[in-house]
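Step one of this worksheet: look at the structure below.
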Amino acid sequence: MQTMTIKEAENVLKEIMNEEDDRFQLLMKDDRKGVQKLVLKWYKQKELEQKEKEKFFEMSKYENALREKGVTYIAGIDEVGRGPLAGPVVTAAVVLPEDFYIPGLNDSKKLSEAKRERFYDEIKVQAIAIGVGIVSPQVIDDINIYQATKQAMLDAVANLSCTPQHLLIDAMKLPTPIPQTSIIKGDAKSVSISAASIIAKVTRDRMMKELGGKYPEYGFEQHMGYGTKQHLEAIEVHGVLDEHRKSFAPIKDMIQK
């Protein structure tokens, strides 16, 4: 084992699943600092994987409780874009299979963009059904953001390719006969809602990036329509667009001047 290079040791550790592996026992006895650093890194990685597994199991408790009652099609529902000054509110409804597993799944806001994009692709592959609901700034202005969010959620459910038997919703109640559970901070407590959060977030971010290409002076691809200093200054200089929510302050005040 002493003749193994550090790079070879690194590759071997990638294959090792547990400490009982004979190769791991040999590497443990290798006193080179480089090898011992790799062994420590392996331990930390396994510890992280275990924590992610425990977190995922904890986030599956709502789904598991429903499945024990014979419920198969459980739709997690979440929204993105209630607060911005521009762009639509986007919701997603996601029905996951019982064997669904993506370690590290969490509220989309707590994930890096790269991780969100990767999870988005994985959810698309694994999900039984995905529905998306999009409500425009004009409708938001007409019926208010709360009602628009509810409408987008109902649209997302209607756009599913299967009929859900139960809805798990992030902090909302929907006017539908489908049984539902409203969960405060559900995107961090339910794998289905978390998956919906990621689908909605990536979908909306892509729309706002397209808007950024159409109106480069507003920087939508950077702030996603939120009321940042850059965005407010752009509105002052270039004016209010159709994509802006005219019922939202300070845009409402700008129009009334």
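Cβ atoms here come from the backbone N, Cα and C positions, even for glycine.
Copied over from Swiss-Prot, here are the features:
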DOMAIN    72-257  domain 'RNase H type-2'
BINDING   D78, E79, D170  divalent metal cation binding site
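The Cβ of D170 has fewer other Cβ atoms within 10 Å than any other of the binding-site residues D78, E79, D170.
As a whole-number mean, the pLDDT of the domain 'RNase H type-2' (72-257) in this prediction is 96.
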